[in-house]
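*Asks:* The compositional bias 'Gly residues' annotation in Swiss-Prot covers 8-22. Here Swiss-Prot flags 55-68, 84-98, 121-132 as compositional bias 'Low complexity'. Feature annotation from Swiss-Prot assigns compositional bias 'Polar residues' to 344-355. Sequence annotations record features per position, and here Swiss-Prot assigns phosphoserine to Ser262, Ser263, Ser264, Ser334, Ser336, Ser860, Ser861 based on similarity to another entry. The feature region 'Disordered' is assigned by Swiss-Prot to 1-40, 53-217, 262-281, 293-315, 340-361. Per Swiss-Prot, the feature topological domain 'Extracellular' maps to 428-454, 560-566, 672-687, 736-755, 804-816. What Swiss-Prot lists as transmembrane segment is 407-427, 455-475, 489-509, 512-532, 539-559, 567-587, 651-671, 688-708, 715-735, 756-776, 785-803, 817-837, and the listing cites sequence analysis.
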Amino acid sequence: MSGRDNRGAGGGGGGGGGGSGGGHHHHQPLSSAMGKLKEKLTRVGDDLGYHRVESNLSTSNTATSLDTILPEDPFLFPQEAPQRHPQQSPSQSQQQQRRFLDDEPPLSFRPLLEDDDINEPPTQQQPQQQHQQQHRSPLSASGSLELTPLPPPPTTLEPRDRQQRSIPGEDLQRSKQSLKGSRVSFEKTNSKQAAESSDEDSFEDKRIGFQQQKATSVDHKGILKDLKHILANDNRRQFQAKKHVSLDVKGTRFLQDLLKESSSEEEFHKTRREFQGRKHQSLDPRVTFKLDKVLQGSSTDSDEEGDDAEHKRLIHRPKDITKPVIIDLKDLESESDEDFLTSRQHFQQQRSISTDSRKSRRLYEMDDMGNKRGDNIRHAVPFVRQITEDGKPKLEVYRPTTNPIYIWTQVLAALSVSLGSLVVGFVSAYTSPALITMTNGNITSFEVTPQAASWVGGIMPLAGLLGGIAGGPFIEYLGRRNTILTTAVPFIVSSLLIACAVNITMVLLGRFLAGFCVGIASLSLPVYLGETVQPEVRGTLGLLPTAFGNIGILLCFVAGTYMDWSMLAFLGAALPVPFLILMFLIPETPRWYVSRGREERARKALSWLRGKEADVEPELKGLLRSQADADRSATQNTMLELLKRNNLKPLSISLGLMFFQQLSGINAVIFYTVQIFKDAGSTIDGNVCTIIVGIVNFMATFIGIILIDRAGRKILLYVSNVAMIITLFVLGGFFYCKDKAGIDVSNVGWLPLSCFVVYILGFSLGFGPIPWLMMGEILPAKIRGSAASVATAFNWTCTFVVTKTFQDMLDVIGSYGAFWLFGAICFIGLFFVIIYVPETQGKTLEDIERKMMGRVRRMSSVANIKPLSFNM
């Protein structure tokens, strides 16, 4: 009986005992025994083969299931070999086997792709493919698979049904899952070579050798080699510990080579910046940016051509479309430099992760990949984490400025508005020296009664109250700069009215107009400086108006000793002229432009203040965000906005500082310095004492300028409070001993002057300038104009009350009672500062506002999130 007839007539035992063949009944017991042995060996062989494949997969570098391309043992699956007649010799069987293999049709293979049905069971219409899957051999030298010749079975076995030669359904399903994305080419078996394999051990040796071979993907093997080399390199770890390197691991290697080959650190930094400026690649080594247009021609030196070529080789690996790709970046490929930079920045913002981090190591750990058994990497380690725009609680509005030209533009702006403060100081101190000559009938052509003299000193604070109320709408609708500018001409007019006065009415009218301008200026000057000066110098430049105000007071005291009230008024009319000229040179605040929707004007103002070469876009974006937040929460009624809970706290702190500033008695001391020294019986001339007080006030302000950005606001307020408390109680004790106890104090006549000097020194360090400075810092942007108006009006109200009632206070409770009352108020103010006043040193206005209002507003993103910084 021929082999073909035996295959057709034999009864098949699918997985169990052997079927009985036709015709040779004397071999039936032997066939039954061999069938059972064959069934057992089949089960053992299947389990052994798959266990080996699975154990090898756990440590394999590829995600390809090897069991689908292993040749099946013809001893375990004898139906694959041509059936040999029991009486045939081995040589005849081998010849018949060669003819069987030669008669087989050509084998055709194709890669198993994603769209293959993994649940498709083997059918009878697929015998050729099933036959191919069971006869695959180890890889050839070219990377393809060849069919291995099958040795003839050692004994005579009954044939099986041809329909049962396929792999079981569950094994085929697992094999197809693991082969997804892989690309394997196959070649037809060489029939002559197949006939040369005759012993049983060759199959086991070849299968073990095949399983021990490395990954079939040359590209993947190269990437793994590079990654393992980088991760195991101690020099790279030491390099990364000192420097912040690129996210791209191949870029890291490139930077390390640059560092080794650079002759100096400066050359390395230059080359690194050029490299990072044109290249930022994904962590995934299989994702490639098209950077040919950027990289070509970027290196001109012959020494760098090798590094450039190596770098191009690393980032331009050949792609295999059948391999799984973690992220598809086709949408990020740009056609222009601008689009490329935008796409790169967008990609960088999706994920910031260091190549040396634990998560990055896990991404490339082959054990983790093997344990997933062919799953896509994106399911094992997430690669992209979407971040929201509000992910980073930080606003990058201000940046430190070190270029002197940037500082001097801000100094010019501060100096210009400070000249207005000099005029304010001169006008405020005018009554102290002027009333001495104004009440002299020999000098003045009109009569000045004591009551009229009291109104000359007291009407200015009252007018300042009205000016502070009107100044709020002015700075919102006219602008900060324009509001300050409009006070220059009225200052000149008011001084001319006083200088040319022929009656007391003209003097009072001039003082009222001057006081109105003082109220507006005292409101708008701090707001302007707070919105134009950077945090690094805001404390120092913010005290310039106070310093120039003290200069104006000192100038008035000194000039008053040599001039009468009329000539002193003419001097006051000349001081606003340089102030008027300089105000035309400085710009409006960028914040006001932003509040009016004039973004381009705001950009130009920032460029003027920060310098033409400065990058003002981050600061401008911060201003736009702040204004957008303010617009969303703003109401139509501005005054009702002040009463909101979030706005009430900063407004209350500002009002409290103004209250304790004026109730410390400073204006009473300044306005009535000469009279106080006369009442003290001091042997020193009153005008000289006034000049000494002015000099101390001026010098103390400059000490505060030096310390305010070093020690902080609250420390200076503590020192100021303690100094005023001690001196006021000592002065009260001095006047009590002199007026009430009748003790002779002539031997301590120097004590009032000493106490006044320490008192002025303490006031000028803290409570003099800081309330005005913090008014421009702690008030929220959306209510800054109206809140500053209320605070200024409250300050001038307190000034008017103290100045107008100080003489009456002396009559009722005496000098000692007045000073003790002021000292007690300062003692309460110390606890107010400790409990409620925040420290604003070195903080941006947005940071201060968030802290004061007790909420977190929408922030800029990572981010901001800032794209990855390559500063080392």
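The first residue you see is number 1, and the count goes up from there.
Each residue, glycine too, has its Cβ placed from N, Cα and C.
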*Asks:* Would you kindly list the residues that approach the topological domain 'Extracellular' (804-816) from elsewhere in its chain, counting only those six or more residues past its ends and only Cβ-Cβ distances under 8 Å?
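*Replies:* Answer is 454, 458, 461, 665, 668, 671-672, 676, 679, 731-736, 739-740.
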*Asks:* Averaged across the topological domain 'Extracellular' (736-755), what pLDDT does the model get? Just tell me the whole number, please.
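*Replies:* A mean pLDDT of 79 is what the model gives the topological domain 'Extracellular' (736-755).
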*Asks:* Counting each residue once, how many in the topological domain 'Extracellular' (804-816) are helix, strand and coil under DSSP?
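*Replies:* When I sort the residues of the topological domain 'Extracellular' (804-816) into the three classes, I find 13 helix, 0 strand, 0 coil.
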*Asks:* Under 8 angstroms, Cβ to Cβ: which one of 489-509, 651-671, 688-708, 715-735, 817-837 has the largest number of such pairs with the transmembrane segment (539-559)?
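*Replies:* Looking at each of 489-509, 651-671, 688-708, 715-735, 817-837 in turn, the most contacts to the transmembrane segment (539-559) are made by 688-708.
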*Asks:* Mind checking which residues of the chain, 6+ beyond the ends of the transmembrane segment (651-671), have their Cβ under 8 Å from one of its Cβ atoms?
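*Replies:* Result: 428-429, 431-432, 457, 461, 553, 642, 693, 724, 728, 756, 759-760, 763, 767-768, 770-771, 774-775, 778-779, 783, 787-788, 790-792, 794-795, 798-799, 801-803, 806, 818-819, 822, 825-826, 828-829, 832, 836-838, 852.
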*Asks:* Please give the sequence-distant neighbours of the transmembrane segment (688-708): residues at least 6 beyond its ends with Cβ less than 8 Å from one of its Cβ atoms.
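*Replies:* For the transmembrane segment (688-708), the list is 429, 432-433, 539-540, 542-544, 546-547, 550-551, 553-554, 556-558, 560-561, 669-670, 673-674, 677, 682, 716, 753, 756-757, 760-766, 768-770, 773, 841.
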*Asks:* With CB pairs under 8 Å as the measure, which of the listed stretches 567-587, 715-735, 785-803, 817-837 comes out on top against the transmembrane segment (512-532)?
*Replies:* 785-803
*Asks:* With CB pairs under 8 Å as the measure, which of the listed stretches 567-587, 785-803, 817-837 comes out on top against the transmembrane segment (715-735)?
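*Replies:* Comparing 567-587, 785-803, 817-837 against the transmembrane segment (715-735), the winner is 817-837.
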